[in-house]
Amino acid sequence: MAVRQALGRGLQLGRALLLRFAPKPGPVSGWGKPGPGAAWGRGERPGRVSSPGAQPRPLGLPLPDRYRFFRQSVAGLAARIQRQFVVRARGGAGPCGRAVFLAFGLGLGLIEEKQAESRRAASACQEIQAIFTQKNKQVSDPLDTRRWQGFRLEDYLIGQAIGKGCNAAVYEATMPTLPQHLEKAKHLGLLGKGPDVVSKGADGEQAPGAPAFPFAIKMMWNISAGSSSEAILSKMSQELVPASRMALDGEYGAVTYRRSRDGPKQLAPHPNIIRVFRAFTSSVPLLPGALADYPDMLPPHYYPEGLGHGRTLFLVMKNYPCTLRQYLEEQTPSSRLATMMTLQLLEGVDHLVQQGIAHRDLKSDNILVEWDSDGCPWLVISDFGCCLADERVGLQLPFNSSSVERGGNGSLMAPEVSTAHSGPHAVIDYSKADTWAVGAIAYEIFGLANPFYGQGSAHLESRSYQEAQLPEMPKSVPPETRQLVRSLLQREANKRPSARIAANVLHLSLWGEHLLALKNLKLDKMIAWLLQQSAATLLADRLREKSCVETKLQMLFLANLECEALCQAALLLSSWRAAP
């Protein structure tokens, strides 16, 4: 049927071309020049006069990349045939000329059929994407109903330390529902003493299943920013990149925070990226374990040799059970589960790239983990203190001086970053740097040692390693996943797949086996599969109160659906499977 339609369309185009360019009787105003009533060589109908400033109307959606070059080539061929035909046209159009134009029209008919198919596929993808984009924007905020609360340290009951890093300490915390609970805790001196406080329901009873400390408060160590709120916000502004709009509505001492055009970007919410619910400056308290764990970071009035200032920045986030490193020390996920965990990191990195942000400090310590009702881990990227989120430069950082910071994690620094040399016009491209780090972390997720950590002969350095030195992954790992991890760790960034294409590869390998099994992968078959996946995902999301990890991943896939990126992922998978 498609061939018949293309032939019919080709005949119509061929007939139209013959009628358009065939010689017409009438006055001639010069050798080889048509009269005023003719319109040879202008692509117009005879007798139609166009205004000098008229512009051709665009024909709907732009032609996909894979057809554009061929269409332009055909257009050039048409121009040559037209010129030759006009020269010979005075003697009449012979059978040969008619055959050439008929063949040319048939070729255009086939191209137009492919173009129409691509337009239908692109339109279907856009409609599916619009549905699931709205659903993925619904990131829960436990403080959403407390519009003007939580902007002071005194609003929280702080428990024990969760952990500490290079620039901050993190504590568990809760906010009593009723004001009298807070007043009672303050009266008893429980603030900062690790009280045994649980969340309460609206009636004052403990909410079933509610954690005792649902929040984590990150207290930044302030050594060089001074004690003014302006200086603190300027120095630590990168920490505010994943903050919600409501998080920045509080008063920072005597200062109300305002985002400047030259400041860092504000990251849109994503299920695989941490969300900061509240941010504020306050005096540094003496929290549990401070004198033992980080005495040098305290102000001198707590520790005489302390280097810290008396005021700093506090960030309120969700309290996650553990980090990825802690989870992998206790658990060994199955190959399918590990593939889904790697996929979650790629989804998060793709969102950062689309927002023009580079994390630059991806490691298993900066990835948090929680579980769904089935015990499947859900990963969240955290700690944006080293991120690149500059509106002026995007992901292309000018590297005109060696004093420009490359990022925070030297071991997992992509080759194009670690080997960059400063100069007047030097630029570091971070568009695929975090994707490379995901490839390295994938070794840990699949139960192997990270090849870029440690010492000895097995240790690799991103500056000098060769791809042949990368250790083989276990045979239990699916072949396409092994191939993808190696492709993510290619030294040349332009040879690596983007985070979006890499995520699509894993999506297809997990849930698109039926589609990949087809001998001839056509767009109409792909669209039918996507519609089926959309219906099944919507149904699964409705049937469960809380979506499981697989459903959430499928929703992310459909929310980021792009026809071209999906086709590239399918072709990449097919080429890997066809290779010996």
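Cβ coordinates come from backbone N, Cα and C, glycine included.
Residues 94-110 are the range that Swiss-Prot records as transmembrane segment, among 77-93, 94-110, 213-229, 383-399.
The range from 111-117, 300-306, 461-467, 475-481 that Swiss-Prot describes as region 'Required for outer membrane localization' is residues 111-117. Remark: of the binding-site residues ILE162, CYS166, ALA168, VAL170, the most isolated position is CYS166 (fewest other Cβ atoms within 10 Å of its Cβ). Averaged over the domain 'Protein kinase' (156-510), the predicted model has a pLDDT of 87. Around the Cβ of LYS164 (ATP binding site), a 10 Å sphere holds 18 further Cβ atoms from the protein chains shown.
The maximum pairwise C-alpha distance among ILE162, GLY163, LYS164, GLY165, CYS166, ASN167, ALA168, ALA169, VAL170, LYS218, the residues recorded as binding ATP, is 14 Å. When Cβ atoms from all protein chains are considered, those within 10 Å of SER401 (phosphoserine) total 10, not counting its own. Those residues of the chain, other than ILE162, GLY163, LYS164, GLY165, CYS166, ASN167, ALA168, ALA169, VAL170, LYS218, with a C-beta within 8 angstroms of the mean position of the ATP site C-beta atoms are MET219. Note on the recorded positions SER227, ASP361: the fewest other CB atoms within 10 A surround the CB of SER227.
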